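A quick write-up on the structure given underneath.
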Amino acid sequence: MTTTNWSLKVDRGRQTWEYSQEKKEATDVDIHLLRLKEPGTHCPEGCDLNRAKTPQQAIKKAFQYFSKVQTEDGHWAGDYGGPMFLLPGLVITCYVTGYQLPESTQREIIRYLFNRQNPVDGGWGLHIEAHSDIFGTTLQYVSLRLLGVPADHPSVVKARTFLLQNGGATGIPSWGKFWLATLNAYDWNGLNPIPIEFWLLPYNLPIAPGRWWCHCRMVYLPMSYIYAKKTTGPLTDLVKDLRREIYCQEYEKINWSEQRNNISKLDMYYEHTSLLNVINGSLNAYEKVHSKWLRDKAIDYTFDHIRYEDEQTKYIDIGPVNKTVNMLCVWDREGKSPAFYKHADRLKDYLWLSFDGMKMQGYNGSQLWDTAFTIQAFMESGIANQFQDCMKLAGHYLDISQVPEDARDMKHYHRHYSKGAWPFSTVDHGWPISDCTAEGIKSALALRSLPFIEPISLDRIADGINVLLTLQNGDGGWASYENTRGPKWLEKFNPSEVFQNIMIDYSYVECSAACIQAMSAFRKHAPNHPRIKEINRSIARGVKFIKSIQRQDGSWLGSWGICFTYGTWFGIEGLVASGEPLTSPSIVKACKFLASKQRADGGWGESFKSNVTKEYVQHETSQVVNTGWALLSLMSAKYPDRECIERGIKFLIQRQYPNGDFPQESIIGVFNFNCMISYSNYKNIFPLWALSRYNQLYLKSKI
């Protein structure tokens with residue numbers, strides 16, 4: 001019997017890890033997620049440890065295993081960690097506000113930080129596979145010290161050595177400067193302004209915050225509040241020690257105004273434009289003479305928006321950065337109020353435990369997203385009817401995750417329509433997303449063919465289609481959460497230094513192709529729907545957009561996965577679903593591109609450096625997820641070179657573990673081009689999906 005102190009609890013998608021002083025028998029889900037057994041050796045009921053030799057055997061084993069690690073509310077839980085700059089915000093917020101994390105949680109966070117330390121130079125990077133930099137190293141160092149790790153601990157000494165040898169914490173990027181300032185370990189005069197008065201600008205101005213990408217908007221909203229108030233934690237003995245430890249000169253002798261644009265070369269990815277530097281200079285001058293009346297008005301206005309975001313998301317907030325900064329704002333405004341404790345309770349939603357320790361995820365999970373893909377993979381296997389309980393549960397989660405109504409006062413708070421949409425994670429989170437809605441629609445429609453499932457009504461699915469129709473941009477494409485509201489030149493104001501394309505919500509091939517697929521599937525189920533002509537026009541415009549952004553080599557640049565393999569999978573699937581002829585030059589070129597990247601072992605492997613450089617970079621080894629995407633693309637397009645496809649299928653069968661699981665390989669997700677993020681369920685979903693499609697397309701064998 002395998003035992004554990006930790007177990008995952010779920011409730012309508014909410015995931016929380018609970019600690020017990022006494023070890024308890026581990027569930028299949030716990031064993032899978034925590035790797036309590038050697039990978040490939042855990043054998044849930046109904047599985048065996050005989051290696052698959054045929055595609056049909058591999059499909060059956062993959063389905064059997066993955067169905068056993070489904071949570072009791074129907075979703076598939078997974079690790080959505082990877083970024084290293086998130087957890088320190090939580091640790092600093094708890095320290096500043098005096099909120100005590102449980103000792104068991106603190107131990108696991110410390111274990112994670114040590115496990116993810118670069119063994120060569122002692123630093124940390126922007127994400128778990130990145131080179132060490134000042135942002136990552138400073139914030140993890142500070143976190144370890146705040147959590148009680150002494151300054152003379154060998155790993156801490158090694159990190160401090162790296163930090164000081166590379167210029168110290170004065171070269172940390174702006175988000176790091178912000179967190180250090182709130183801790184009282186950095187002077188507010190060393191930051192470029194985060195002008196809270198911007199929030200009073202009318203929406204008809206192109207630079208108004210309501211026109212920004214929602215993640216950018218919701219991060220800089222509470223940051224501007226904290227900057228305006230100069231909210232700062234107490235100057236404790238530990239903070240005084242940190243002031244001595246992380247800088248290359250005495251804290252009191254640092255010229256803080258000279259540090260505003262001091263960003264280490266190790267960190268710099270997106271440099272400030274000349275225009276931004278001029279504006280920052282003007283804002284620094286304004287900061288000295290700002291109107292108190294106007295600032296107080298802006299503070300009240302922004303806190304109202306912060307409160308709205310908290311309440312609409314049940315204190316989850318759109319993401320982990322504004323989650324912790326919002327919590328800090330509530331503490332500054334109200335102290336340890338009921339709202340503060342609602343915030344504190346929702347910290348658990350972001351903390352994820354895995355084999356390497358406890359991390360902060362890039363969202364409150366990827367529950368709906370992973371479940372929708374899993375449903376589609378299972379449906380294409382041809383054996384979904386053999387796993388009725390699993391499919392019923394998955395359908396249940398899809399059902400309870402659809403957003404039932406629009407957010408209140410949408411226009412005032414810059415929100416888009418929500419009714420009928422699907423979120424990335426949970427209905428409590430509730431932010432509608434174009435491709436999540438599309439995948440939800442596709443999954444709901446696919447499940448209608450199973451007679452033992454209570455289907456989601458076509459009226460409810462049509463609500464989702466309505467959201468997609470409102471989200472289409474003028475260029476024919478779809479962005480992520482909202483329409484593109486601002487001009488592209490707003491990117492000249494990007495102050496982040498480490499991310500690109502943060503200022504507005506751009507049209508993406510992934511979102512556009514997913515929406516085309518969803519609407520194409522819907523019109524087959526509802527050919528006489530009142531909006532069918534609009535749907536047809538929307539699909540045609542979307543196809544034109546996808547073709548317009550295809551690169552000369554036939555690929556599409558992925559913005560949410562790695563990278564050209566991912567983007568090209570969406571590009572091909574979108575065109576094929578729309579009815580584009582398979583002889584279309586766009587499809588032929590795309591297939592040729594993918595085939596040219598196949599490796600000697602039959603697989604595909606793409607490095608995250610493709611996203612960073614925007615040029616295809618081969619990984620050191622083939623990856624099961626990249627291989628799954630490439631094979632799905634080629635088979636969707638009926639690529640004529642069957643040998644190419646069969647070599648990929650053989651690679652997947654060889655890589656499958658005897659129990660039906662697949663190996664966790666390199667990081668596979670990305671956002672804003674420079675930061676990678678984990679999708680641990682992808683290793684199970686996409687190989688199974690590719691194997692299933694191969695069997696349906698070529699073998700047509702019963703399993």
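Including glycine, each Cβ sits where the backbone N, Cα and C put it.
Database features (Swiss-Prot):
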REPEAT    59-103  repeat 'PFTB 1'
REPEAT    106-148  repeat 'PFTB 2'
ACT_SITE  D435  active site, proton donor
REPEAT    461-503  repeat 'PFTB 3'
REPEAT    539-579  repeat 'PFTB 4'
REPEAT    587-628  repeat 'PFTB 5'
REPEAT    645-686  repeat 'PFTB 6'
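Simply put, out of 539-579, 587-628, 645-686, 645-686 has the most Cβ pairs sitting under 8 Å from the repeat 'PFTB 1' (59-103).
According to its DSSP assignment, D435 (active site, proton donor) is helical. Counting residues 6+ beyond its ends, the repeat 'PFTB 2' (106-148) has Cβ neighbours under 8 Å at 81-85, 87-88, 91-92, 95, 155-156, 158-163, 166-169, 171-173, 175-176, 179-180, 183, 185, 238, 241-242, 245-246, 264, 266-267, 353, 356-359, 498, 608, 666-667, 674-678 in the same chain. Per DSSP, the secondary structure of the repeat 'PFTB 5' (587-628) breaks down as 20 helix, 9 strand, 13 coil. In the repeat 'PFTB 1' (59-103), helix, strand and coil residues by DSSP number 22 helix, 1 strand, 22 coil. Listed by sequence, the residues of this chain that lie at least six past the ends of the repeat 'PFTB 6' (645-686) yet keep a Cβ under 8 A from its Cβ atoms are 32, 39-44, 47-55, 58, 61-66, 76, 78-83, 126-130, 269-270, 354, 362, 366, 370, 373-374, 377, 498-502, 558-563, 598, 601-604, 607-608, 611-612, 614, 619, 621-632, 634-635, 639, 694, 698.
The predicted model assigns the repeat 'PFTB 4' (539-579) a mean pLDDT of 99. Residue counts for the repeat 'PFTB 3' (461-503) under DSSP, split into helix (H, G, I), strand (E, B) and coil, are 17 helix, 2 strand, 24 coil.
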